[in-house]
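**Q** Before I ask anything, let me first share the structure, which is written out below as structure tokens.
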Amino acid sequence: MTTIRKKLVIVGDGACGKTCLLIVFSKDQFPEVYVPTVFENYVADIEVDGKQVELALWDTAGQEDYDRLRPLSYPDTDVILMCFSVDSPDSLENIPEKWTPEVKHFCPNVPIILVGNKKDLRNDPNTIRDLAKMKQEPVKPQEGRAMAEKINAFAYLECSAKSKEGVRDVFETATRAALQVKKRKKTRCLLL
């Protein structure tokens, strides 16, 4: 049986949980220390609907300093995980402001899975208190669903890398989305 290879790129604001999500899925361990990513690649094998898929996981940096570097990871992407953090309404706001335009520019027609990370913090008293000081509250599931509709995402899912809840679901859904897409013929650039 031949292995199908697909490329997944994860994007979203800095510190919204992208790297933790990838590490928990690919290595089954939660990193306790936050280290901002520049670019990392992981590979994970996943089986969906009887198909063996080798998923190349491309981590990206969310910080603005990397806005010019990040597009280097976009070519030949099969599926995008676009993340925000449930404990950061600002990160959800950046989905239509920053991430959707960037992704749709560099990856037109690539399916987007909108992912609400850090779901476990939605009911965390400290998180609720800290957000209340700024007249904010954790992102509600219906706000995430509405955003997914607004940006025309393939799916909306929530997960917690810390508790592992929903993690596998995110990658199974992403793999299904990647498998559904018929690859267009690669266009060659000609310089005359």
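Using the three backbone atoms N, Cα and C, a Cβ is placed for every residue, glycine included.
Here the structure is a predicted model, which means the values were calculated and not measured.
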**Q** Motif 'Effector region' per Swiss-Prot: which of the ranges 7-15, 34-42, 52-60, 169-177 is that?
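**A** So the range that Swiss-Prot calls motif 'Effector region' is 34-42.
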**Q** Can you work out the mean pLDDT of the predicted model over the motif 'Effector region' (34-42)?
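**A** Across the residues of the motif 'Effector region' (34-42) the model's pLDDT averages 77 on the 0 to 100 scale.
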**Q** Across all chains shown, how many C-beta atoms besides its own are within 10 angstroms of the C-beta of LYS119 (GTP binding site)?
**A** 25
**Q** What is the one among the binding-site residues THR60, GLN63 whose Cβ has the most other Cβ atoms less than or equal to 10 Å away?
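**A** That would be THR60, with the most Cβ atoms nearby.
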**Q** Of these binding-site residues, GLY12, ALA15, LYS18, which scores lowest on Cβ atoms within 10 Å?
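**A** Across GLY12, ALA15, LYS18, these binding-site residues, the one with fewest Cβ atoms within 10 Å is ALA15.
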